[in-house]
Amino acid sequence: MSKLGQEKNEVNYSDVREDRVVTNSTGNPINEPFVTQRIGEHGPLLLQDYNLIDSLAHFNRENIPQRNPHAHGSGAFGYFEVTDDITDICGSAMFSKIGKRTKCLTRFSTVGGDKGSADTVRDPRGFATKFYTEEGNLDWVYNNTPVFFIRDPSKFPHFIHTQKRNPQTNLRDADMFWDFLTTPENQVAIHQVMILFSDRGTPANYRSMHGYSGHTYKWSNKNGDWHYVQVHIKTDQGIKNLTIEEATKIAGSNPDYCQQDLFEAIQNGNYPSWTVYIQTMTERDAKKLPFSVFDLTKVWPQGQFPLRRVGKIVLNENPLNFFAQVEQAAFAPSTTVPYQEASADPVLQARLFSYADAHRYRLGPNFHQIPVNCPYASKFFNPAIRDGPMNVNGNFGSEPTYLANDKSYTYIQQDRPIQQHQEVWNGPAIPYHWATSPGDVDFVQARNLYRVLGKQPGQQKNLAYNIGIHVEGACPQIQQRVYDMFARVDKGLSEAIKKVAEAKHASELSSNSKF
C-alpha cells in the first residue's frame, strides 16, 4: 500500500522492486526488452513470446475513461490550517483548534474541454479539494464561480452536451451553446454567463483565481445548532485574468500553460495559498430572502451575510506521478464528514449520486482503495463493502459479509444532541422544476455585476466584445434571442454585443470576398 498523504509524499508500492531489475508484469526478469521471438532473423513472430504480448496487451489498456466533464486538470498536495475558531458553526474535527493542519489534495480543471484541450480557454474552472481528516475523507467539489448555469438537476446532461461537440461535425457549436442558454426557462443562467464572458472567464493561471462552493451546505456544531453555509476560497496571489487575445495566443502556443505554471511555482518553492471564508445563514433568514437559499444561480449578498475567515489552504507538494495521484483522484460531494451535510439544493442532491457513480465507471467500484482516495487518516472498515473488480485491500479476510450482532463492532456516536426537527418537509410527491420563465429577480444580480464591471476600466467593453465574437457564430434567429436576453440586463450591453457581432460578420464577408 502506498504511503501517500502521510508526512512525506511517497509512492512506495510493495510490489515494486527496489533493486530496479526489469521484469514483465508477472515478475519474470527480462534479459533484453527489445528482442522478439521469431523464426530465423526475418521470419514471422511466435505467439509464445509472452514478453511482447504482455507489453502490447497492457499498452492497449493503459488508458481509462476521461472525466465527463472536467477532463483536463492539474493537481497538487498541501495542507489546510485553521486560523480562526468556527466551532460555534461546525463541529468537524478539522476545525477543532486554531493551528490544526489537515493534509489535502487540490485538483483544478476546465469543464467542457477534452483531456488534451487547452487550459486557458473560456470556461469555468473546477476547484476540488480532498481533505484527509481523522473522521474520514472530505471532498469540497467547487468551481471558480459562485453561481452556475442551472438550478434543475435534470438539465445537467443536456447543458454539458451543449458545451461539447456537435454530433455530426465534431466541432464546437455556437448554435448549441446559445440555443440552450437563451431558451426562456434557461435564462436563469444569465449571471453565470456574464461571469464566463467577462475576463474572469479566462483566468491567468490556477493560482490566481478564487473557489466557491456555489451550493448551500448545512453545518452543525456539537450542540446541535445548525446553519446554512457557503464557502469562499480566496486566492492570496490576487486575481489575475487574461484578455481574449492573450488566452487565445497562449492556447495555441502552450495548451498546458496553467498546468505548467502550477507545477513550476511549487517546484520553485513559490507555494500558492488561499484563505477560506464562510457565509452563514439561519433558517429564519433564509425564509426572508427574495430567492430560494437552494438556488444555485444566486449569490448571498455579503453586506447581509458577511464573510467569516476560517483558515488557509497551502499547496506545497507536486504529485510524483500524475496518473496515480491526480488522474485517479476521485472527488464527490457525497464524501463528507460529521457536522457537514448537504442541503436540499436539488443540483447538489443529484451530485451526491452522480459524482461517485462516475468514479465507479471511470475507476471501478473499489476506487476508494486507490491510494490517493484512501481515507488513510481515519482508515476504513465495513466488511459488507467487499469483493468486486480490483479489490486489493485484503477483502476483510474471514470477517462475515454482513455486520453481525455477535461481533465486537464499535459504532461512533456524534457528540451533538439529536434534533428531530432540524428541518421539516411536508408535501406531496410532485414533478416540479423552477418557474418556466425567469422573473425579474433572476436578472437582479446580473445587473449588479454589470454595474460592478463598469467600475473597472474596460471590463464592460470586454464583456460585450467577448460575447459578440462568440455569438456571431450562431444563426441569426439565435443571435436575436441573445440580444433580447442581454437587453433584460442592460440595453446598452445588448446593443454593444450586436455591434461587435455584426462587425465580425462584415469582416469575415470582406475577407472571403478577396478569394
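Note: Cβ is positioned from N, Cα and C throughout, glycine not excepted.
Predicted, not measured: the structure shown is a model, and the values here were computed from it.
The N-acetylserine annotation in Swiss-Prot covers Ser2 and rests on a large-scale study or a structure entry.
According to DSSP, His70 (active site) is assigned to coil rather than to any helix or strand. Residues or ranges marked as active site in Swiss-Prot (evidence: experimental evidence): His70 (among others).
What Swiss-Prot records for Asn143 (among others) is active site, and it gives experimental evidence as the kind of evidence. Long-range C-beta contacts of Asn143 (active site), restricted to its own chain and to partners at least six residues apart, with a cutoff below 8 Å, comprise Val111, Pro124, Arg125, Gly126, Phe127, Gly211, Tyr212, Gly214.
Feature annotation from Swiss-Prot assigns heme binding site to Tyr355; the stated evidence is experimental evidence. In the three-state DSSP classification, Tyr355 (heme binding site) falls within a helix.
Calculated from their C-alpha atoms, the gap between His70 (active site) and Tyr355 (heme binding site) amounts to 11 Å.
For Tyr355 (heme binding site), the count of additional Cβ atoms within 10 Å of its Cβ stands at 20 [all protein chains shown]. All chains included, 24 other C-beta atoms sit within 10 angstroms of the C-beta of His70 (active site).
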